[in-house]
Amino acid sequence: MTLRIAITPGEPAGIGPDLLLKLAQQTWDAQLVAIADANMLKQRAKHLGLSIKLIEFDQHAAATPAPAGSLYLHQVDVAEPVELGVLNDANGQYVLDTLRIASEKNMDGTFAAVVTGPVHKGIINKAGISFSGHTEYFAQQSNTADVVMMLATQGLRVALVTTHIPLAYVSRAITEDRLIKVASILNHDLQTKFGIEKPRILVCGLNPHAGEDGHLGREEIDTIIPTLEILNNQGMNLIGPLPADTLFQDKYLNEADAVLAMYHDQGLPVLKYKGFGNSVNITLGLPFIRTSVDHGTALDLAGKGTADVGSFELAIREAIKLAQEKAQNQ
């Protein structure tokens, strides 16, 4: 059975369309369907010197992979013509429309997964649309109360307790309820999506030296340690809280299936240093599979043909792999 994978290229003025067009030059063992504007893709392909044949997507037809140099397309119109590297808030709604369609078509079973290209949160908000990120948007669209953002590269998976919030708000956001929900989703999806029977998860402390017995902060003593005890008593295998400045060593990571970091810039700098351009963003807890790139829109590289396809390619391959495993287990 050929699986259908939805792809949203992201911000039209950035490198997302470039990367998708490059990757469409090869064959895939799934039907890749771009949810995007045809004219925008054709103009970008011409600018890059790439040949592309766009095939109108018919969800009622049998799913077949596109030949190299071709791409199935679900049309969504941009509001205004796209200028390379120049943000235009008039096209903010276009970006959200591509995400909404991807979400709806994954929810109704048309697609087996969605792969998202990089978006520019600022320009979407400038258009008057509240948007904090893909993870939160897909959770809202699918009526999912709690989701977890996890990035993965070779030998390292990092999930986050908090995501796109100011650093000043992190401490108050780390509650027993939040920790239980995030750790439970992470543990469950490592078992069901990645086939890890009993995941071993390393948990970062919030404060320097994991609080150093309360001398550098009490969040570990008051919240994190008691919550980990509750979860471990339920059968999970959570180790911590551990000092984040020493946790990310091979001698610890080689024995772990994932790291649970308290906030965005605690866990992700290490992962991106280890595998930037070769890592993938995976949203856990959603009723459908969603993967994404590990980088931004790179407006300065749009249309130049020099942007690295590594992370986008990995995101597509990971989505196909997870979708195949899900199909086999159903």
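Heads up, the Cβ atoms here are built off N, Cα and C, so glycines get one too.
According to Swiss-Prot:
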- H134, T135, K272, N281, R290: substrate binding site (BINDING)
- H164, H209, H264: divalent metal cation binding site (BINDING)
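The separation of H264 (divalent metal cation binding site) from H134 (substrate binding site), Cα to Cα, is 15 Å.
Between the binding-site residues H209, R290, the minimum number of other C-beta atoms within 10 Å of a residue's C-beta occurs at H209. Put plainly, the binding-site residues H134, H164, H264, K272 were compared by Cβ crowding within 10 Å, and the winner is H134. Rounded to a whole number, the C-alpha distance linking H264 (divalent metal cation binding site) with N281 (substrate binding site) is 13 angstrom.
A straight line from the CA of H164 (divalent metal cation binding site) to the CA of T135 (substrate binding site) spans 9 Å.
Around N281 (substrate binding site), the C-beta neighbours below 8 angstroms that are at least 6 residues distant in the chain are H134, M149, M150, L151, T291, S292, V293, D294, A315. The C-beta environment of T135 (substrate binding site), restricted to residues of the same chain at least 6 apart in sequence and closer than 8 Å, consists of V147, M149, T163, H164, T283. Between the alpha carbons (Cα) of H209 (divalent metal cation binding site) and K272 (substrate binding site) lies a span of roughly 22 Å. According to DSSP, H164 (divalent metal cation binding site) sits in a coil region rather than a helix or strand. Largest Cα to Cα distance within the recorded substrate binders H134, T135, K272, N281, R290: about 19 Å as a whole number.
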